[in-house]
Amino acid sequence: MESSFDPRTQDFTLLDRNGLNFTASMAQIDDERLYGVRLALLLASQIGASAMLLLVLLLLTKAEKRRSFIFLTNAFCLFANTIRCILLSCYLTGNLWNPYAQLAGDYSGVTDSDLSTNIAARIFTLLVMMTVFVSLTVQVWTVCITTAPLQRGIIMATTTTMACIASGFRVAVIVYGIEELLTLQRSANVDDVTSMAYIVQAVAIWLFSCVFTWKLGHAIIQRRRLRMPQFGPMQIVFIMGCQTMFIPAIFATLKFEDTMPEFGTLVPTAVAIFLPLSAIWAGVVSDSNIASRGPDSHQRLIKDASYRSSASTTLSGSTIACDKSRQMSACTYTQAKDFESAASTPSSYKKSTNHEGIRVDHDFGFARDDAANRV
């Protein structure tokens, strides 16, 4: 006869620091184990993605654009997000995640280093979210620069207010979290405030993304009506705007699933990655000579990258030819002036030298713009 006893969920007895017995469960240990593994995987992937994209952003951004405000904002956001994920991962190796502390609720073994690391992680989370909202505000202002002043004012006031509300909820979550760390006691309101913070944060990101996605989508439709179906930076930012609108909202929704609460850490990382990634992708095809038309234009962009190198060589040769032609023109012009001065003096006039000088009033070859069009 089979027994209904499941040893994987059995209870067992442990002793606390005062020598008193308390009951723990194998199921609780298994839940903590799975949560720690999933959280470690998510944080490790976020560290790698943020660090690699920061390196790519620094290498691919042109020197004249590295002092722009949007570049500095995106670079700082990626850097702060990398530090944030590293500090959060230290939680899994500290005394706060000790099995005894989790089972007994006894955090007497927590050191000042553990507390400082977790407080710093929460502060960096606030910095990342505030930087994300600043970057979103700049992008919305950029796409709304051509709208009517009244409409632009309403849009900016609405989005900025929503960003301030989301930042305020995030500040409240951090205050409650720091209070819990310092007192080592669970706060009664922290769960409700945290849930509201994730909801308002997702709504704010959704609102920002809706604004510049709608503006770019309207501009793309107008260009198609003008028979300008060009695959360029506008289409790229539109695609990334749609991703910024939906993917963080999905992660924020998964946060409320009891089996996957760790997915909430992906929300700031997703936005921090999508914003500079759209700028990098759009910058690659920002040149009008690279942007192409047609349904397969996004595939031809890859081929045009290798084409540009040969084109630049031809352009360099054309420029040299143009410079040589200018030198020849100046030389012949000087000879012509000497010839005219000689012809004005009767005593030195010779018919045999009448056709030796040729005066040229224009440059041979073609200019830089013509070379670019011929290449």
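Quick reminder: no glycine exception, Cβ is built from N, Cα and C everywhere.
Quick look at what TrEMBL annotates:
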- 39-60: transmembrane segment (TRANSMEM)
- 69-94: transmembrane segment (TRANSMEM)
- 119-142: transmembrane segment (TRANSMEM)
- 154-178: transmembrane segment (TRANSMEM)
- 198-216: transmembrane segment (TRANSMEM)
- 236-254: transmembrane segment (TRANSMEM)
- 266-285: transmembrane segment (TRANSMEM)
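Nonlocal intrachain contacts for the transmembrane segment (198-216), taken as residues 6+ away from its ends with a CB within less than 8 angstroms of a stretch CB, comprise 129, 132-133, 136-137, 139-140, 142-144, 147, 155, 158-159, 162-163, 165-166, 169-170, 234, 237-238, 241-242, 244-245, 248-249, 252-253, 255-256, 264, 267, 271. Long-range neighbours of the transmembrane segment (119-142) within the same chain, counting only residues 6 or more positions beyond its ends whose Cβ lies under 8 Å from a Cβ of the stretch, are 69-70, 73-74, 76-77, 80-81, 83-84, 87-88, 90-91, 152, 155-156, 159-160, 163, 166-167, 170-171, 173-174, 177-178, 181, 201, 204-205, 208-209, 211-212, 268, 271-272, 275. Counting residues 6+ beyond its ends, the transmembrane segment (154-178) has Cβ neighbours under 8 Å at 118-119, 122-123, 125-126, 129-130, 133, 136-137, 140-141, 144, 147, 187, 189-190, 193-194, 196-197, 200-201, 203-204, 207-208, 211 in the same chain. Residues 36, 39-40, 43-44, 46-47, 50-51, 53-54, 57-58, 61, 110, 113-114, 117-118, 120-121, 124-125, 127-128, 131-132, 134-135, 138-139, 265, 268-269, 272-273, 275-276, 279 of the same chain, all 6+ positions outside the transmembrane segment (69-94), place their C-beta atoms under 8 angstroms from a C-beta of that stretch. Sequence-distant contacts of the transmembrane segment (39-60), counting only residues of its own chain at least 6 positions beyond either end whose CB sits under 8 Å from a CB of the stretch, comprise 66, 71, 74-75, 78-79, 81-82, 85-86, 88-89, 92, 262-263, 265-266, 269, 272-273, 276-277, 279-280, 283-284.
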